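Read the structure below first, then the notes.
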Amino acid sequence: MHFLSQNDLNINLIPHLCLHCHSVIAGAFTIHGHMKIFNSPSNSSTFTGFILLGFPCPREGQILLFVLFTVVYLLTLMGNGSIICAVHWDQRLHTPMYILLANFSFLEICYVTSTVPSMLANFLSDTKIISFSGCFLQFYFFFSLGSTECFFLAVMAFDRYLAICRPLRYPTIMTRRLCTNLVVNCWVLGFIWFLIPIVNISQMSFCGSRIIDHFLCDPAPVLTLTCKKGPVIELVFSILSPLPVFMLFLFIVGSYALVVRAVLRVPSAVGRRKAFSTCGSHLAVVSLFYGSVLVMYGSPPSKNEAGKQKIVTLFYSVVTPLLNPVIYSLRNKDMKKALKKFWGT
């Protein structure tokens, strides 16, 4: 989809980048399409997948959850897709702020698609089996898209910092070229961050139970199934996993601290409200995403650890992408007008 004119950003780069990454990772996992499970040193067998428990409940409950998450998924696609189309059709929104927002909406569509379709299939499945390659592809894309979201939130915070704290220099700094480079770098960095750890983990042998008490292939339960503990791999993953989350979170906090300081220096109350309104939506999205992630990784272990992980992961991977279009459309007058124009209301 050609998003803007020839001089504008073409977000068609992003789907091609995702497809290229998909083919590379799929090729890497095809070599190890079967996973060895060892019940004892002398007895071994081979199977082709894990068992995702998901949300255990009676058949009627599974069907109800299927209907519920199908509606949530369709609403998420419609909401984020509407933002992309509104920015595409409204020439007034062909600015770096809305270009970043359109890419972010496309990212949310990819993010929710990495988990919900397999979760829906799991609800209707009797075996609850996910293939070995499918598990690690989901593993890779879920965490890569999550990292990409962290990078995008940081870039959007940087854009708001320039717009509010450096308004006169903003047009010369945040050019279309810089915006394009930032968008491409967000996708590239997000997708190469977990590449080596994921490939290394996929080549390990797995022993005993193949049951994962989650609705997706999460690293913690997967690593507990390995025959030999790989302290180096676990250390690398434990460092790489939270690094973009917390480093970029500090960057976002620093950016908005400077924004708040600049806004408080505005003499008129109307000017302060206008300045806050330009970044209020983004702050709400950052709070939703990072609030749930910090609860996930920052709180001490509990007795019902698996249940807590499911709920928190469900919130930032499914609920947040659903709420983001609502937040941006309610808090932004230009976006509200563009959406009304797009829907013909």
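Just so you know, glycine gets a Cβ as well, placed from its N, Cα and C.
Taken straight from TrEMBL:
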type     : residues : note
DOMAIN   : 79-328   : domain 'G-protein coupled receptors family 1 profile'
TRANSMEM : 63-86    : transmembrane segment
TRANSMEM : 98-119   : transmembrane segment
TRANSMEM : 139-158  : transmembrane segment
TRANSMEM : 178-196  : transmembrane segment
TRANSMEM : 245-264  : transmembrane segment
TRANSMEM : 276-299  : transmembrane segment
TRANSMEM : 311-330  : transmembrane segment
Key: Spatial neighbours of the transmembrane segment (63-86) far in sequence, C-beta under 8 Å, 6+ residues away   = 1, 3, 11, 55, 57, 93, 101-102, 105-106, 108-109, 112, 116-117, 119-120, 123-124, 318-319, 321-322, 324-326, 328-329, 335, 338-339, 341-343
Query = By a Cβ-Cβ criterion of under 8 Å, what residues six or more beyond either terminus of the transmembrane segment (139-158) are in contact with it?
reply = 21-22, 25, 97, 100-101, 103-104, 107-108, 110-111, 114-115, 182-183, 185-187, 189-191, 193-195, 198, 201, 216-219, 222, 241, 244-245, 248-249, 251-252, 255-256, 282, 285-286, 289-290, 317
When counting Cβ pairs under 8 Å to the transmembrane segment (276-299), the leader among 98-119, 245-264, 311-330 = 311-330
